[in-house]
Amino acid sequence: MSLFGAYSLCEVGKDAAGVAGNIFAFGLFLSPIPTFRRIIRNESTEMFSGLPYIYSLMNCFICLWYGTPLISPDNLLVTTVNTIGAAFQLVYIILFLIYAENARKVRMLGLLLAVLSIFVIILVGSLQIHDSAMRQMFVGFLSSASLISMFASPLFIIKLVIRTKSVEFMPFYLSLSTFLMSISFFLYGFLSDDAFIYAPNGIGTVLGMMQLILYFYYKRSSIENCREPLIVSYE
């Protein structure tokens, strides 16, 4: 195979992985819908927290900025997935604000303004760096740190699953979507030789795989326990 042919194949593989990552990300973006159906039905946010949506919005903003041509070249699919993600998070935050109590509403508005202010500072600050390589490194480190902390957030759920030996609090499709999206963008970053993409998504792939292994292990244990007789006689 010629060098040009290998390069073309690499580009096709990169684009395919990026498109797949965008598709699988919808599983993550749509996962809060049952929660908000309940909030709308009950007209109350009850004990639900709005922090995950605030944090996800911050993550999407930073990664979106990293994917733009001003920061890194040829990362359009990183921009698209995070633009869509940011739009979903904004909708969830608005719904949360509509149905939250006044005290929580004020707190959420304050956090939202803080996120927007931090993003503006990052945006303006990075544009002050005239060297393109340094600018990419600056935003790249921020996006990697944000992604790693996002992927690490389910660790407390993994601990809970191990302690309770139950997968009740670890939705299967959410874990599957995380794994598929992570491995897709790991391949995307690897094929484009971008460590700021493949390194955090590699960690996300490992953590997603751990969640799936635990899910199937404890799901099988739960099924086996259900098959045990309800009444045991002792002679």
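First residue shown is number 1, and so on along the chain.
Cβ from N, Cα, C; glycine included.
Positions annotated as transmembrane segment by TrEMBL: 16-36, 48-67, 79-99, 111-130, 136-158, 170-191, 197-218.
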Beyond the flanks of the transmembrane segment (16-36) by 6 or more, those residues with Cβ under 8 Å of it: 48, 52-53, 77-78, 80-81, 84-85, 88, 92, 95-96, 171, 173-174, 176-178, 180-181, 184-185, 187-188, 191
Beyond the flanks of the transmembrane segment (170-191) by at least 6 residues, Cβ under 8 Å: 10-11, 13-14, 17-18, 20-21, 24-28, 31, 77-78, 151, 154, 157-158, 160-161, 197-199, 201-202, 204-205, 207-209, 211-212, 214-215
The transmembrane segment (48-67) in contact with the transmembrane segment (111-130), cutoff 8 A, at least 3 CB pairs, sep 6+: yes
Long-range environment of the transmembrane segment (197-218) - Cβ separation under 8 angstroms, sequence gap at least 6: 75, 78, 143-144, 147-148, 151-152, 154-155, 157-158, 161-162, 165-167, 170, 172, 175-176, 178-183, 185-190
